[in-house]
Amino acid sequence: MVSSMYMANAQTNQEEFLAKWNGMKGYTVEIIEAMPEDKLDFTPAEGVMSFREMAMHIAGANVMMASKFLKEGDPGMDMEKKDMNKAELKMAVEKSFDFVANICKSLTEDELAEEVEVFGGAMVSRRQVENLIDTHGIHHRGNMIVYLRLSGVEPPAFRAW
């Protein structure tokens, strides 16, 4: 009885994660949409990523961490193109979020509980990797919001779902 309750709750937890993840996909795209095309290369200081590079970093990290630590896969997108326009950036980010979501949907509870080796040799569960991917995006979305404000652009209102 307790085991079946846990499994039902675990499925609910995964569904809740995916609902939030999908919301963050939309919010990230809104942030990219807010930056004028001619300011995509804005950077607040020398030696830090531009807005364009930050968007590509989110997409690239989503794909890399999901395919390396959750389950192998190919998102079918060119992660090496450096000069994407706004439409291409939005598409790359959307595809990367969809790629992660599809992998997460395919994982069983046993697979989510399984530990994998990540950065620095740390052993964490795949569920923790899901949270790592999410937290990484949160960090860089925050950077992008600051970049918008420094560029004189009002960022989109925060939305959690």
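Glycine too: its Cβ is placed from the backbone N, Cα and C atoms.
Straight from TrEMBL, the features:
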type: BINDING; residues: His57, His136, His140; note: divalent metal cation binding site
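Its Cβ placed at the centre, His57 (divalent metal cation binding site) has 15 other Cβ atoms within 10 Å. Listed in sequence order, Met54, His57, Ile58 are the same-chain residues six or more apart from His140 (divalent metal cation binding site) with CB atoms under 8 A from its CB.
In sequence order, Met54, Ile58, Ala61, Gly137, His139, Asn143 are the residues of the same chain, not among His57, His136, His140, whose CB sits within 8 A of the CB centroid for the divalent metal cation site. DSSP assigns His57 (divalent metal cation binding site) to a helical segment in the three-state reduction.
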